[in-house]
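Some features that Swiss-Prot has for this protein:
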| type | residues | note |
| --- | --- | --- |
| BINDING | A62, G63, M64, D65, K66, T86, N139, N172, K217, T245, G268, G297, Y318, S319 | FMN binding site |
| BINDING | K66, N111, R112, M113, G114, F115, N172, N177, N246, T247 | substrate binding site |
| ACT_SITE | S175 | active site, nucleophile |
Amino acid sequence: MFYKIAQKVMFQMDPERAHNLAIGSLKMTGNSPLNAFYAQNIAPAPVSFMGLTFPNPVGLAAGMDKDGESIDAFHAMGFGHVEVGTVTPRPQPGNDLPRLFRLKPAKAIINRMGFNNKGVDNLVKNLIAKKTDIMVGVNIGKNKDTPVEQGKDDYLICMDKVYPYAAYIAVNISSPNTPGLRSLQYGDLLDELLSALKTKQLELAEKHKKYVPIALKIAPDLTTEEIENIAQSLIKNKFDGAIATNTTLTRDGVSGLANANESGGLSGKPLTELSTKVIKQLATCLNGQIPIIGVGGINSAEDALAKFDAGATMVQIYSGFIYQGPKLIKEIVEAYRLK
């Protein structure tokens, strides 16, 4: 009930202003009695993933809490994990405003944020400051002004800094809003990046005496052959996990709607089937060797179950969470427990 009232107010506001207000409010209330407005008790439904045990299979996707400011509030809502970021080595403002658009009739969102964040050092401070023991994945990317050919260095810098504080590290090479970024998903550039990250991971595991898994986040806009090549590279470089998928550049299911022609990545309900299809193809190619987090267009427990059936071990929500509220977490966990 509270969320429906809050949502009604927020949906009257500019989307990015509403987002910033929400994150600020959650930051202030995460560890106070005021979190009773959104906190919920969710019975455990433990799941093993990448050698870790999560209290339930529902996580918050990257992009909601880029700088890790409201982690404790999302813990109170019952998420099994939170993925913060995307974070870059240096702070950057992202793309010009406006850059976030609701497509309410389609339960969708278009964003061209462009990795706006306060930088990896600021994120590390927030990871150290969090009060709860929730599992936090850190999604890392490259700065916009770093040439793609040198992008590998940005990922290594971020990995080095977040490694001691992350439950796992997600490598984002699939955002459509950083020029040239998606080219890292193909051929030699992909292989070189994954190889360098794996080498760095093993060095850091030795240094910190703990093994932090690494996962690759991929786009939905890939051919079958491209998915096969990515899967082969993941297996070859002994990556621990995959996250499928990021937002799409297609506009299927939203044509004619206000804001549908805005550039950027489309998320939400129109992405549901495409994302599930990619998960299924990727799972087939990986053949059980590497587990998958399914994300993209989960608007109901049924959508989440379809991701599990396609081959995902865990799921993440973002747009569906904005449209449905915290109750969606509980609904998915309960459906998962019964499946």
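Placed from the backbone N, Cα and C atoms, the Cβ positions cover glycine too.
Sequence features, as recorded in Swiss-Prot, placed on the structure.
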residue: A62; record: FMN binding site; DSSP (3 states): coil
residue: G114; record: substrate binding site; DSSP (3 states): coil
residue: N139; record: FMN binding site; DSSP (3 states): strand
residue: N172; record: substrate binding site; DSSP (3 states): strand
residue: N246; record: substrate binding site; DSSP (3 states): coil
residue: G268; record: FMN binding site; DSSP (3 states): strand
residue: Y318; record: FMN binding site; DSSP (3 states): coil
Hey, how far is A62 (FMN binding site) from N246 (substrate binding site), Cα to Cα, in Å?
9
N172 (substrate binding site): which of the binding-site residues N139, K217, Y318 have a C-alpha within 10 angstroms of it?
N139, K217
Consider the recorded positions R112, G114, S175, N246 and say which one has the Cα lying nearest the Cα of K66 (FMN binding site).
G114
Among all the protein chains here, how many other CB atoms are within 10 A of the CB of S175 (active site, nucleophile)?
25
Round to the nearest Å and give the CA-to-CA distance linking N139 (FMN binding site) with S175 (active site, nucleophile).
11
Hey, how far is K217 (FMN binding site) from N246 (substrate binding site), Cα to Cα, in Å?
7
Measure between the Cα atoms of every pair in A62, G63, M64, D65, K66, T86, N139, N172, K217, T245, G268, G297, Y318, S319, the residues the record assigns to FMN, and report the largest value in Å, rounded to a whole number.
20
Please tell me which one of the recorded positions listed here (M64, S175, G268, Y318) sits closest to R112 (substrate binding site), measuring Cα to Cα?
S175
Name the one residue among G114, S175, N246 whose Cα is closest in three-dimensional space to that of Y318 (FMN binding site); these are the recorded positions.
N246
Any idea what the Cα distance is from G268 (FMN binding site) over to G114 (substrate binding site), rounded to a whole Å?
18
Counting other Cβ atoms within 10 Å, pick out the least crowded of the binding-site residues A62, M64.
M64
Quick one: Cα separation, M64 (FMN binding site) versus G114 (substrate binding site), in Å?
13
